[in-house]
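Asker: Please see the structure below; I have some questions.
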């Protein structure tokens, strides 16, 4: 009997996984058709959600796979819910694992559909398996030249803008909750901290649809950098911000009252977790040295494992893996990538691009599926309308005031049409979904999760689908040749160094003359940048490959001055 149950469970698990494989396969084939027909109205992520919705409808209403377990309910008084339970049945002990809490009315319906139960994943799967490749790819594929040219603005949007958006949304949603309470539409506890938590998770933007169209149409590189940089960093900020709000614990019986010390403690946690995660990610990226250039397969495997372990190490240390793996990807792209063999450079780029594509489409497919397979949805029309209004106003409070302040100090202003496009492109996606599904135990969290799904659907389908029309409406230039811009910027008209603030100009020089030669095989050898008195140390720290690169150009750049001139020419390409 036990063997028969195991075989049936194995077949059921295989069928569940097959559902998702078929979803991804169908999505890929439809994407190919859309690209072949140059159809840009619907991006692959929106398409994956539609297919997920259709499969969810079928699983919910058309297919019923009843569980063959006996419907036996025994009562015993315990003060807590144990994670595992040992049951003595006629002298034989069986171990059971906690699946979650169910209401009394659902006890008799637990057998209704076994497949619905099994296609519901543990939320930790999203955080530990699906999110790391998405976040790492964002950092690893970053166009660093345009990113650093707009770094001040990107940091302002990502940090100040996300915090402003969080509090604007939180305050508006608290007013909405108070209204629901007054008219009797609130079915459980919903505190101000819950509203702030909702504000933090929906402040995480994921304009993957817009950026894909930007890339295809070759939209202005600065607009792309502003939007992409903000979305990459504000995901990290939103994760740490939500953790800080959860950590808010005033003294006394009422844990939801305002207390200055508790707020300062949460702020300290925010700074500590973010800076610790940042340091861990950068440190791991810097020390990812591979001496396996003769074996590209082993080199790629080691690089991959070191990258993924950064996320898990940060989580194990109490930091945030999203922040750590993001900055690890950026650091490895800047330093470690130059040390890889040509085969490994190509393999790592393709590997993480593939993992990002599959993980992202899997998450969006699962979003569509959970609209019908998740059994604890709480849809409240007042809360939903308030959420859409709050998200819109929170995004506006992020973009327009900050753009005005940033333009006071920017040489190249952020034009009004760029601001309108950034406002329109504030889509919500994988990070918002992953944060909302991580905890659905309470009434408030269930309502947040259900509303978040609708916000993601609307922004991806409507805002993402209208990107091309919005570009035309705002008269934003397309067909910009980034490589030509790089050529122009290096050979005369402008440079990243000249357009950046003094702090970053100092950093560029220090990085180019000392860090890159020390950590990579690129850049001028340290013997050309260190003072003459440090010659022995410079020769010791300079790798043989750096000397080979130097000797390769020795016939054209024969002395120290000219070698530096050569590398400064290539510095920002």
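Here the Cβ of each residue, glycine as well, is placed from N, Cα and C on the backbone.
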Asker: Any idea which of 269-289, 332-352, 353-373 is down as transmembrane segment in TrEMBL?
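Answerer: Within the set 269-289, 332-352, 353-373, TrEMBL attaches transmembrane segment to 269-289.
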Asker: If I go by TrEMBL, the feature transmembrane segment sits on one of 154-180, 181-207. Which?
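Answerer: Going through 154-180, 181-207 one by one, TrEMBL gives transmembrane segment for 154-180.
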Asker: State, in range form, which of 17-34, 125-142, 269-289 has the highest count of Cβ pairs under 8 Å to the transmembrane segment (301-330).
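Answerer: Between the stretches 17-34, 125-142, 269-289, 269-289 has the largest tally.
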Asker: The transmembrane segment (443-467) vs the transmembrane segment (378-397): three or more C-beta pairs under 8 Å (separation of 6 or more)?
Answerer: yes
Asker: I'd like to know if the transmembrane segment (125-142) touches the transmembrane segment (46-63) in this structure, counting it as a touch only when three or more C-beta pairs sit under 8 Å and are separated by 6 or more positions.
Answerer: no
